[in-house]
Each structure stands twice: as C-alpha cells, then as structure tokens.
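*Asks:* Below is the structure I would like to discuss, written out as structure tokens.
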Amino acid sequence: MKWVTFISLLLLFSSAYSRGVFRRDTHKSEIAHRFKDLGEEHFKGLVLIAFSQYLQQCPFDEHVKLVNELTEFAKTCVADESHAGCEKSLHTLFGDELCKVASLRETYGDMADCCEKQEPERNECFLSHKDDSPDLPKLKPDPNTLCDEFKADEKKFWGKYLYEIARRHPYFYAPELLYYANKYNGVFQECCQAEDKGACLLPKIETMREKVLASSARQRLRCASIQKFGERALKAWSVARLSQKFPKAEFVEVTKLVTDLTKVHKECCHGDLLECADDRADLAKYICDNQDTISSKLKECCDKPLLEKSHCIAEVEKDAIPENLPPLTADFAEDKDVCKNYQEAKDAFLGSFLYEYSRRHPEYAVSVLLRLAKEYEATLEECCAKDDPHACYSTVFDKLKHLVDEPQNLIKQNCDQFEKLGEYGFQNALIVRYTRKVPQVSTPTLVEVSRSLGKVGTRCCTKPESERMPCTEDYLSLILNRLCVLHEKTPVSEKVTKCCTESLVNRRPCFSALTPDETYVPKAFDEKLFTFHADICTLPDTEKQIKKQTALVELLKHKPKATEEQLKTVMENFVAFVDKCCAADDKEACFAVEGPKLVVSTQTALA
C-alpha cells in the first residue's frame, strides 16, 4: 500500500468533511429550522414518536395535545424567529413539555425527578427511564374495527400506529417508523375495500409486524453499541456493512458515509429525532447525488419519494465485487511496512483492513468480519513489539481462519438439528440448552429469547450457503442484544453480564461457549405450574406453545440435570393432559381432577 498517498487522501477527506454532507449553519431558531426542513406532517409524526418513546404509559389523546402545542409553537417561530423561547434548544423545548405533564410523578415515579435537572443532564435522565419491556396490552388486530377507525379518520389512524409502536419500542428508528406508518395506511387503503377484510389484512399485517420487529431490534443494537461500547463500535460495524454493500466505493467515500450515518443513529438513539430525520434525508440526497461512485444498485431507490428512498437505500442489495482486486495478504501480511503504517494511524489502518476484507467477502456476517479485524489488531499489537515483526505477522491470515470455520460449523450443526426437529422442536432444544447455561434468568425472558433463537432456523437454514452466515450471525446478534438489554434491567447472572459487557463482537461465541451452571441451586417444585383452567383450550396455537415452553423452563429450573427421556415423558404427559381436558364436556372439572394427578406423575418421572 502506498501509505503516504493513503494518509494524504485521509487528510484531504478530513478537510472536506469539515464542510460536511450535513448543513452546519447555525440557526437563530432550531425548531423553526427543523419545521421548515421536514414539513408539518413529518414534524408532527416525529414529535409524536418522541413523546411516545419517553412517556410510554400516557394515553394517545394526551400526546396529541403535546404535539399540537409544540407544532403551534414551531409555526410561531417560523413566522418570527426572534419570538420569545424560539432560541431554545430542542432538548429544552421537549423537556419543558414533558415536565408540564400533570401525572408525571403519579405515573412514572422517579422520572419526575429529571425535571429538577438542567440540560443536558435532564435529557440524559429521561433517556435512562425508557423501558424496553413496558407493561402494555398486546395489540390484537380486529379487521372490522380497524377498518372503521381507518375510514373515520386516516390521519388519526396513522398517528395511533406511530404512538402504539413507539411506546412499545422506545428506541425505534424514528424516520423508519414514519415509513412503516405510511405502508400500514396503504395496507388499509387496499384491504378495507375488500370483500373479506380479514383475509386481505391479517397476512399483510403479520408480514409487516415481522419487518417492524426486526427493524426495532436492529436499531436497539445500534443504540446499545453506542451506549455500551462507544461510537467506535458502531463505526466499525458500519464500515463492514457498507463495504459489503458498496464494494466499488473508495475507502474515503465509505468512511465519509460511515461518519454521517453514525451521526444520524447517534441523534436518534439520543432522542434527537428531528435532527436525525433531517440529517438522514440529507444523507440519502448525498448518496443519490453521488451514486455513480457508490453503487450501481441505487438508481431505483433514488427515483422514489423521500421515506421510501431512505428505506430502499438501507435495504439495497450488495453491488458486485470489483474485478482484479489484489490479494489481501499483499498489503496486510506481506508488506514489511505493516507495523509502521499501523502505528502511524491505527484506526485508519484497521479501518482500511476491515474495508478491504469486507468488500471481498459479502458472504461473511458483519460480526465475523469484526472478529477478524479484532484478531488482526491483537496480532499487530503483539508482533509489532517483537524484534522481527514481519516474521510474526506474515502468517496472520492462517491464524484468522478459525474465526470463519467456527460459525460455519456451528451453523451446520444447528441447521441439521432444525431440519430434524422443526421450528417448535428446535425452540425446545434451545430452551433446554439455555436454561441449563443460565438458569437464573427469568422464565419469560428465557422463553422469549429461545423462541426467537429458534426462528433462526426458519429464517436462515433454507437460504443458499452464501447467505447462511450473514443471516444467522447477524440475526443472533439482535436476539442476544435483547437478552442483554433485559438482563441489564434486572441482572441475575454473572455469566450473562460477562458475555454482554466484555466484547460486543464476541457476544455470540461467548454465549455459545457457556456450559451448564453447576453452581445453580434448583428451585423447589411448584404445583401451581400445573394449575390450568379451561381458558387454555381457546388460546391461539402460539400462546399454547408458550404455556408449554414456560412449563419446560420451570421443570428445568427444578431439575436441571433431568435427562432428555425424563423431560420427554413429562412433556408428553402434559400435552395429553391438556388435550384430554380440552376435549371433555366439562373442561373446568377435568382440569381440577386431572391437574393433581399430573403433578404426581411429573414428580415421579423426575424422581
């Protein structure tokens, strides 16, 4: 590598970026500036999302009042930027509105103490009270009721969707939620005209629900990366991802996009939703204006309206790898100046390694690419301190091979098991595996995480070999981040804390390497576990599965060393018990009589 040339390019880029893709002008009134940039509809939607993510228990109508107040104030500032209060920061304006809520202390307890602080501490305080698992009722779509609401007031319907999703997902990527709200309204526009509204609506809502949950999990991981491991972690992730998507783009261009994208995500994670959406729009414009040097796959995206354009760019397929790329070993193992180049600009050199590796390997997971970069960095730290560094680091690529082999072997083992057991059976196998590893974790969390992990089979094992690793590893990163977020709220296991906090990129290998916890003291047998009533018979299949899986976790917490045969016997007895009583004429009487018998047979089987 001509390192002097590279450093010159980097310095040139740094100078250019001081002007930036995003506008850096100062404005007399920030709220007026954002209102003019975003337009009234998007402004109101983003403000509604912001309030819903902070005040997750407030009724919709209360939020609408807050949104209308702030919107009217923004219009006043657009008309006259020197009007009293228009010069205040957005954090100050939002915080003042939150602190005016009469029921703040009664509904949110300690959160009300945030109002005694000054900015920026007040906003940090509000952020710390966001609840990743709020106690809110499940949303159960009733096609006829929803169509009536949609026809009565489309705007309110759109707002209600933003509110319901935002308060359940307090870190949802706000501009992306606007996109999904528009799509949601589009589904109702189509299906409420249909003869069979349910047949049209329900499959579309379910498909969309899966996409929304995945989008929420991706943003939660980004926010956790910044919160727990700093901006550098998110930048590294973005370098790998964008280098895979845009392999023809120069490293300096990728670095520029990464810096801007990190700023956008940092703003949204920090609750600065107006700035985040505005800057995301600017970034989409920049990418489209420069698509010739970024990717040949962008044209279709760039012809779309703003929200669809940004979504499309985020989801765009990977461009073809440029032809005749030199082997990686030339610059990163064979070159005798590797240590000199590394020590002169460590982050830039490692960034270029990650860029070059990622653009050549679209079939690798981002997390695997980051592990490779981390191991490469550790090798250079060790080798560059030796008398003959080149002899030490020249074989580094042989040492990195195991980091690719390990996930490939694990994926094969798990996909083989999935094909043998099916999704539900695979989930149960994971419940057994993870309950034995971390039995201190709450039963609902173990069930939720194991069910999600089990879906990786359906999602990824049917894909071609070239797509299996990114699908599996990156999906597992999202699920394990959910476990880490929930565990942080009520930490109960040192093993989980260690895996969650030591290294972001090594979380999955850390959890995979956990062994059954031999120090765990089993729970006493709880007869209430087998106290059921007739209402179980009318539950949807998914909820019935969750009931059975909850029982399985509790059995393992009582008898962690139960054999596969014992567990199989108990679960078969349990299923037979439910089936028998649900077929009985007097279901409630059957559950009352057969329940105690099941307790006895379970205790006998586990003895």
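From the backbone N, Cα and C atoms, a Cβ is placed for every residue, glycine too.
So Swiss-Prot says this about it:
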type	residues	note
BINDING	His27	Cu cation binding site
BINDING	Glu30, Glu267, Asp272, Glu275	Ca(2+) 1 binding site
BINDING	Asp37, Asp278, Asp282	Ca(2+) 2 binding site
BINDING	His91, His270, Asp272	Zn(2+) binding site
DISULFID	Cys99-Cys115	disulfide bond
DISULFID	Cys114-Cys125	disulfide bond
DISULFID	Cys147-Cys192	disulfide bond
DISULFID	Cys191-Cys200	disulfide bond
DISULFID	Cys223-Cys269	disulfide bond
DISULFID	Cys268-Cys276	disulfide bond
DISULFID	Cys288-Cys302	disulfide bond
DISULFID	Cys339-Cys384	disulfide bond
DISULFID	Cys383-Cys392	disulfide bond
DISULFID	Cys415-Cys461	disulfide bond
DISULFID	Cys460-Cys471	disulfide bond
DISULFID	Cys537-Cys582	disulfide bond
DOMAIN	403-600	domain 'Albumin 3'
MOD_RES	Ser29	phosphoserine
MOD_RES	Ser82	phosphoserine
MOD_RES	Ser89	phosphoserine
MOD_RES	Lys228	N6-succinyllysine
MOD_RES	Ser296	phosphoserine
MOD_RES	Ser442	phosphoserine
MOD_RES	Ser512	phosphoserine
MOD_RES	Lys587	N6-succinyllysine
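Describe each of these features in terms of where it is and what it packs against.
*Replies:* Mapped onto three states, the DSSP output places His27 (Cu cation binding site) in coil.
Annotation note: Glu267 (Ca(2+) 1 binding site) sits in a helical segment as assigned by DSSP.
Counting only same-chain residues six or more apart in sequence, the Cβ atoms lying under 8 angstroms from the Cβ of Asp278 (Ca(2+) 2 binding site) belong to Arg34, Asp37, Leu38. DSSP assigns Asp278 (Ca(2+) 2 binding site) to a helical segment in the three-state reduction.
Cβ-based neighbour count (10 Å, all protein chains) for His91 (Zn(2+) binding site) stands at 18. His91 (Zn(2+) binding site) carries a helical DSSP state (H, G or I).
In the three-state DSSP reading, Cys99 (disulfide bond) counts as helix.
Using a 10 Å Cβ-Cβ cutoff, Cys125 (disulfide bond) registers 17 neighbours.
Residue density at Cys147 (disulfide bond): 19 other Cβ atoms are found within 10 A of its Cβ, drawing on all protein chains shown. In the three-state DSSP reading, Cys147 (disulfide bond) counts as helix.
In the three-state DSSP scheme, Cys191 (disulfide bond) falls into the helix class. Close to Cys191 (disulfide bond) in the fold, though at least 6 residues off in sequence, lie Pro143, Cys147, Lys197, Cys200, Leu201, Lys204, each with a CB less than 8 Å from its CB.
In the structure as shown, the Cβ atom of Cys223 (disulfide bond) sits within 10 Å of 23 other Cβ atoms.
Around the Cβ of Cys268 (disulfide bond), the same chain contributes Tyr171, Tyr173, Ala174, Pro175, Gln219, Cys223, Cys276, each under 8 angstroms and 6 or more positions distant in sequence.
Taking Cβ-Cβ distances under 8 Å and a sequence gap of 6 or more within the same chain, the neighbours of Cys288 (disulfide bond) are Leu298, Cys301, Cys302, Lys309, Ile313. Mapped onto three states, the DSSP output places Cys288 (disulfide bond) in helix.
Cβ neighbours within 10 Å of Cys384 (disulfide bond), excluding its own Cβ and spanning all shown chains: 16. When secondary structure is read from DSSP and collapsed to three states, Cys384 (disulfide bond) falls in the coil class.
The Cβ neighbour count for Cys392 (disulfide bond), using a 10 Å radius and every protein chain shown, is 17. Under the three-state DSSP scheme, Cys392 (disulfide bond) falls in the helix class.
Other C-beta atoms found within 10 angstroms of the C-beta of Cys461 (disulfide bond) number 20, with every protein chain shown included.
Sequence-distant contacts (6 or more apart, same chain, Cβ under 8 Å) of Cys460 (disulfide bond) comprise Ile411, Cys415, Glu467, Arg468, Cys471, Thr472, Tyr475.
According to DSSP, Cys582 (disulfide bond) sits within a helical segment. Packing around Cys582 (disulfide bond) is summarised by its Cβ count: 17 other Cβ atoms lie within 10 angstroms of its Cβ, all protein chains included.
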*Asks:* Considering Cα atoms only, can you say which of Cys99, Cys115, Lys228, Asp282, Cys392 is the nearest neighbour of Ser512 (phosphoserine) among these recorded positions?
*Replies:* Lys228
*Asks:* I need the least crowded one of these modified residues (Ser29, Ser296), counting other C-beta atoms within 10 angstroms of each C-beta.
*Replies:* Ser296
*Asks:* Run through the Cβ atoms and count how many others sit within 10 Å of the one on Glu30 (Ca(2+) 1 binding site).
*Replies:* 22
*Asks:* Which one of these modified residues, Ser82, Ser89, Ser442, Ser512, has the sparsest Cβ neighbourhood, judged by other Cβ atoms within 10 angstroms?
*Replies:* Ser82
*Asks:* To the nearest Å, how far is the Cα of Lys228 (N6-succinyllysine) from the Cα of Cys192 (disulfide bond)?
*Replies:* 45
*Asks:* Taking Cys339 (disulfide bond) as the reference, which of Cys99, Cys114, Asp282, Ser296, Cys383, Cys582 (the recorded positions) have a CA within 10 A of its CA?
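*Replies:* Close recorded positions: Cys383.
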*Asks:* Looking at the recorded positions Ser29, His91, Asp272, Cys461, Cys537, which has the shortest Cα distance to Cys383 (disulfide bond)?
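*Replies:* So, spelling it out, the nearest of the recorded positions is Cys461.
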*Asks:* Apart from Glu30, Glu267, Asp272, Glu275, which residues in this chain have a Cβ no more than 8 Å from the mean position of the Cβ atoms of those residues at the Ca(2+) 1 site?
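*Replies:* So the extra residues in range turn out to be Arg34, Leu90, Leu273, Leu274, Cys276, Asp278, Asp279.
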